[in-house]
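What TrEMBL lists as Zn(2+) binding site is Cys205, Cys287, Cys288. As annotated by TrEMBL, domain 'Hcy-binding' applies to 1-302.
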Amino acid sequence: DEPCGSRRCCEVVIGDGGFVFALEKRGYVQAGPWTPEAAAEHPEAVRQLHREFLRAGANVMQTFTFYASDDKLENRGNKQRFTGQQINEAACDLAREVANEGDALVAGGVSQTPSYLSCKSEDEVKAIFMKQIEVFVKKNVDFLIAEYFEHVEEAEWAVQVLKTTGKPVAASLCIGPDGDLNRVSPGDCAVRLVNAGAHIVGINCHFDPETCLKTVKLMMEGVKKAGLKAHFMIQPLAYHTPDCGCQGFIDLPEFPFSLEPRILTRWDMQKYAREAYNAGIRYIGGCCGFEPYHTRALAEELAPERGFLPAGSEKHGNWGSSLALHTKPWVRARARRDYWETLKPASGRPMCPSMSTPDSWGVTKGHADLMQQKEATSQEQLKALRSKC
């Protein structure tokens with residue numbers, strides 16, 4: 001219903017990127033808990049990253065509220081310096097501030113909980129989501145996202161709570177073509193989410209664009225077969241994961257501190273954006289590993305459909321064209337699309353394998369190893385885990 005010419009009425013919506021990983025690299029998020037205290041503790045860092053994604057072409061500023069439920073903030077000895085409410089309020093204010101600078105939308109997000117993994121009841125888990133959305137309603141975000149769910153049941157519960165606000169609801173699972181961790185197929189997962197009240201369904205995190213595309217296509221088939229309608233979204237990793245099992249990159253031995261050799265190039269991103277668009281997906285973004293230049297690549301590839309280039313393209317020639325300004329002739333020769341589109345990048349790492357063997361422990365909700373606790377992980381618990389590696 002946006003007026004013609006507004007960026008919000010574009011057929012394609014570009015999502016932003018992976019705040020948790022990006023801010024961990026910058027020194028504002030702690031790996032392990034992956035909780036978003038930075039929204040309240042270092043608002044300048046979160047604000048700047050929002051601005052970089054906005055400049056790169058993102059239409060949506062998603063609140064930095066990933067894992068901001070109180071049960072996650074105090075899990076396994078994590079020191080709770082801020083409450084979930086304080087973090088969520090600060091995150092909403094930052095996202096709105098930057099969104100207003102570029103006519104973008106604000107999305108409030110909730111994610112999976114330790115309580116669900118520990119077999120808490122439906123009412124207990126839903127109460128956690130309800131507490132979070134009270135802030136989103138108060139701050140009047142534009143729409144809501146239930147993201148990063150490994151079990152469709154918990155995602156259904158989240159959607160059921162989010163839809164009580166009357167705001168549009170998106171739901172994305174972090175699953176692959178094999179389905180959720182209870183082996184519910186992607187098609188069935190999508191149907192369940194739509195029936196729960198989600199307007200947009202799709203995939204985020206855990207897998208690379210190629211795998212996520214396969215999974216969203218299966219979701220699209222399932223929704224169509226069930227006679228339902230929905231919009232679809234995709235926000236994959238910025239890492240190649242052809243060797244991953246059902247739990248995605250978390251199973252990789254490189255997770256989380258040695259993933260850099262797997263990073264997708266900006267040209268990989270342009271290919272992904274085009275394939276996602278051709279598949280009929282209209283909410284196209286990224287998750288862990290995505291940096292603003294990756295988002296800019298999506299926006300540049302889809303500029304014909306969107307009708308404009310992002311501001312960040314002022315400093316980036318189309319398909320490397322700005323390299324024509326370089327002093328070295330062999331670099332100037334690379335100022336063309338066919339060079340970058342066909343390049344096979346080398347890793348520069350002699351003797352390294354092309355793929356890894358995932359850990360694949362095969363545990364999920366209810367298993368003793370996944371029961372969560374407020375106390376810090378003990379040395380005895382760590383020793384027991386190491387014995388299984």
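Even glycines carry a Cβ here, placed using N, Cα and C.
Features per TrEMBL, on structure.
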residue: Cys205; record: Zn(2+) binding site; Cβ neighbours (10 Å): 28
residue: Cys287; record: Zn(2+) binding site; Cβ neighbours (10 Å): 29
residue: Cys288; record: Zn(2+) binding site; Cβ neighbours (10 Å): 27
